[in-house]
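Please read the structure below before turning to the comments.
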Ligand SMILES: *[C@@H]1O[C@H](CO)[C@@H](O)[C@H](O)[C@H]1NC(C)=O
Ligand SMILES: [Zn+2]
């Protein structure tokens, strides 16, 4: 009986200890789980990469953050896309004088794709290594900005700061593919007009140190595709104006242009952001064979793609003329396509 009493007591003690240890580790875990870093990691774990960005999970994560008592922001979801599958999240912190023009802080929800096999950690694991680095697609571009806005507001609210102007935070979709169904339609909307925005901050570049770098201009991206045609022929024949020859001539012209712009930067006469950058991103030609390409045949078509960035000070017509007259001249049977943001830009013109 006494023995049983003791064993029961030790069992209770044991269970009690086990239980309290569990509670303790749970609280520690919870504390670990709710810091700016872990909130950032959770946002990074949402796969918002193109071509299938998970907008709804991203929005629901941000919404939960914004509606929590320590942030307590007004939340609105907008969607201007035809299929209503490209939502915009708009958060509002009302100022003490809402009649003044407001401040808008913007970031985009989507990310560019990743090639998981080339990553040391899966691109949506948001693994934090022992040296403090976090690995995730979209970490710099631009989920860090999205989280910084929320954490800054959280800090300010904790210090009982109250803004004079109303502050809006917007999270927009489709930025990485031109924003046609995102920011472009948002800025044209009645909802945007009603925000009475006086000043906007958008993404810049991540800073490796503790300082914030502020940029006041961004370059316009143009995707330029040039195509050449020419008579096909046997691989052994020497003749003029094959598709490959015509394309190679253009690539040389583009390379010289690239070099001339880069030289200005190298000579210290302009910053990277002040010249037109052009980089070849793909070349497509050849006749596929089961083992690669047919080697004894000169193809009748070839194409190359370039990513071009135009600073706000550059003249778009200057570049359009150059593309038409030198990069892809009709006289060399070349055609071109600017799958560029020109179409979107024209709505801003
Ligand atoms: C352009 O195409 C035409 C018709 O195929 C051909 O006669 C001419 O030689 C080509 N010119 C060049 C520069 O490729
Ligand atoms: Zn970005």
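Just so you know, glycine gets a Cβ as well, placed from its N, Cα and C.
The active site feature in TrEMBL is assigned to 110. Among the features that TrEMBL reports, active site, proton acceptor is placed at 175. Look at TrEMBL and you will find 108, 141, 203 tagged as Zn(2+) 1 binding site. Under the heading Zn(2+) 2 binding site, TrEMBL lists 141, 176. The signal peptide annotation in TrEMBL covers 1-27.
Locations of recorded TrEMBL features on the structure.
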{"residue": "108", "record": "Zn(2+) 1 binding site", "Cβ contacts under 8 Å, 6 or more apart": "142, 171, 172, 173, 174, 175, 176, 179, 182, 183, 203"}
{"residue": "110", "record": "active site", "Cβ contacts under 8 Å, 6 or more apart": "48, 49, 50, 53, 55, 173, 174, 175, 176, 177"}
{"residue": "141", "record": "Zn(2+) 1 binding site", "Cβ contacts under 8 Å, 6 or more apart": "111, 112, 203, 206"}
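For ligand 2, the neighbouring recorded positions among 110, 141, 176, 203 are 141, 203, by Cβ distance under 6 Å. Around the Cβ of residue 176 (Zn(2+) 2 binding site), the number of neighbouring Cβ atoms within 10 Å comes to 20. Every protein chain considered, the tally of other Cβ atoms within 10 Å of the Cβ of residue 203 (Zn(2+) 1 binding site) stands at 17. Other than the site residues 108, 141, 203, same-chain residues with C-beta atoms no more than 8 angstroms from the centre of those residues' C-beta atoms, the Zn(2+) 1 site, are 107, 142, 143, 145, 175, 176, 202.
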